[in-house]
There are 2 protein chains.
Amino acid sequence: MTRAEECPEEFDPTRLLTPRAREVLEAARTLLERDGWAALTMRALADELGIAAPSLYKHFASKDALKSQLVAVGLKDFGEALRPVTSVAALVRRYREVAGANPELYRLATHGPLDRDALPPGLEDWSGSPFFEATGEPYRAQALWAAVHGMVILELDGRFPTGSAPKATWDELANHFS
Amino acid sequence: MTRAEECPEEFDPTRLLTPRAREVLEAARTLLERDGWAALTMRALADELGIAAPSLYKHFASKDALKSQLVAVGLKDFGEALRPVTSVAALVRRYREVAGANPELYRLATHGPLDRDALPPGLEDWSGSPFFEATGEPYRAQALWAAVHGMVILELDGRFPTGSAPKATWDELANHFS
DNA sequence: GTCTATAAGTTGATAGAC
DNA sequence: GTCTATCAACTTATAGAC
């Protein structure tokens, strides 16, 4: 397995957080991955940390701010995992792997509108750029990203009749874009 | 535009509903499309109908039951709209059109796990079968469906840098599967 | 089929002391 | 940075009368 490249410093979402805020964010990620976003209440997060819920507001102004940080961390981690790019087939394989290893974070980072103002400038583009590098063409890159996202999300949600998508389906997809 | 074929009677989700329950369902769909699923509370629905919220429980046992009906109606309508199948390109175009015309119902019907026990038996398969007819091969059908779903949902959520996906991206996708 | 009254639970968030 | 006390809003859902 290819080793991931590190994210440029200016894209690191935790750059400006206090150490304690980082711990809160870490706990939030743990809880998110364990129980899903719907279960991630401020109370549940406080319990996980062993503190009272109102204390959280000393570290994050609102639940929404915390959510944006989680999304940003997701974009950073996923972007890192997809580098360096070797081929379309490898990119597709890696995308599936990293999403499958962090399903709830993946859902949170890709579902619904994106609050771009709350993200480090450039992070979103950087996160998706492996698709451009793999295809060498912007429209093709977008189409490939959308296709792979569709596969991943339908698989995570158990939408394929077989539960997860058969290998043949993944191969079919990768081949069409190779 | 090709005319849609009617859904077989046994797949009609409203088959066993009372006339009044159908009206409630209709209002729910209107409200869903207007304000989104998050805003569709039992109170809001009752207001839309001009009745009190508890009265709704005479027609649907729970909010979850209502949701399942909405999902079923979505699968039926989308399945209808995709028939008869003429080509992969036409299917992809039509899929985008019908999802774009009912974005909130599309979201509801495709997001998250599917409660298959609450659906008319066979409806789910029937709804997706145009993809098999268009591709003539099951794995290819799944891959195409996933790819198109990814495009649609990312476009609805405003996830493409350009807002909606450029025509070139859609063409790219359709061409890969033609 | 509709109503009123109400239960019972949840949530994010604030004030102010320490 | 943490606490306690508390608010204000909101949800789905039930009981029972008409």
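From the backbone N, Cα and C atoms, a Cβ is placed for every residue, glycine too.
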Seminar exercise, completed: Of A:21-40, A:41-60, the range TrEMBL tags as DNA-binding region is A:41-60
For this session: Go ahead and report the DSSP secondary structure tallies for the DNA-binding region (A:41-60): helix first, then strand, then coil.
Result: 14 helix, 0 strand, 6 coil
